Amino acid sequence: MAPPSRRECPSPSWRFPGLLLAALVLLRSSCSDACGPPPTFEAMELTSRPKPYYKVGERVEYDCKKGYHHFAPFLTHSICDRNHTWLPISDEPCVRKVCHYIPNPLHGEAILANGSYSFGNQLHFICNDGYYLIGKEILYCELKGSDAVWSGRPPICQKILCKPPPKINNGKHTFSDVDVFEYLDAVTYSCDPAPGPDPFSLIGESTIYCRDNSVWSGDAPECKVVKCRFPVIENGKQIAGFGKKFYYKATVIFECDEGFHIIGSDTIVCNSNSTWDPPVPKCVK
């Protein structure tokens, strides 16, 4: 609340004594019994237009501003007293209107932005792990007519579920008999025995899990035969990764004979398309 004001009268100039004397008499007679503008409040406003000054005994009435309502039988008026000040209103009888209480959603939480349900505030919603929000994440306490109401319906927290992961050729995954998977449920893929002399290799991630957006964490892997040709290097030799056959992710390391230096990488890996990556290096002088 702004402090009550007292009407201050201007000091006259004496350049025209006759006229100013008469004006001074009139001015003093009105100002000496006058109060300045009435006090202002955060939650109340005048019911009539304010005047520049008020006579002793004049009374002004206040009412709650839009969005506020009376909560106690305190005074809602002030009077210009004989001391040319406004009788103070000790306590404002108006408080902000509030929206109705909204409980925590099942499997979630409702969080007030500043601990109050009064209009202008926000209510934030979050869900527990394993659940996702259906509806608006934030509701606003707004004025609708003379009431404080929420900007929408409270959201709900729905359990995160994934459909069964894809089946793959030449392989399988665990829990293949389950129809619905919950948040963070995981399945692991493996390859079947190959019908020929070379085994199937699992290409991709062997384990995937149900994520928070109800999709799997990655694509299903692939089971296929991956076999790279025997790596041959002239003027050099293989020093690691020996074998008769080279399947997926087989790693070979080379070095050049004395007097030669290597062009390319000394380490190569058999990748998923049955080629060496990077290519087999060369040894040159």
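Think of each number as a place in line: the chain as shown, counted from 1.
Each Cβ is built from the backbone N, Cα and C atoms, and glycine gets one as well.
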With respect to Swiss-Prot, which of the residues Asn114, Asn273 bears the note N-linked glycosylation site?
Asn114
When you check Swiss-Prot, which of Cys141, Cys157, Cys162 turns out to share a disulphide bond with Cys99?
Cys141
Which one is it, Cys94, Cys157, that Swiss-Prot ties to Cys127 with a disulfide?
Cys157
Going by DSSP, how much of the domain 'Sushi 4' (226-285) is helix, how much is strand and how much is coil, in residues?
0 helix, 27 strand, 33 coil
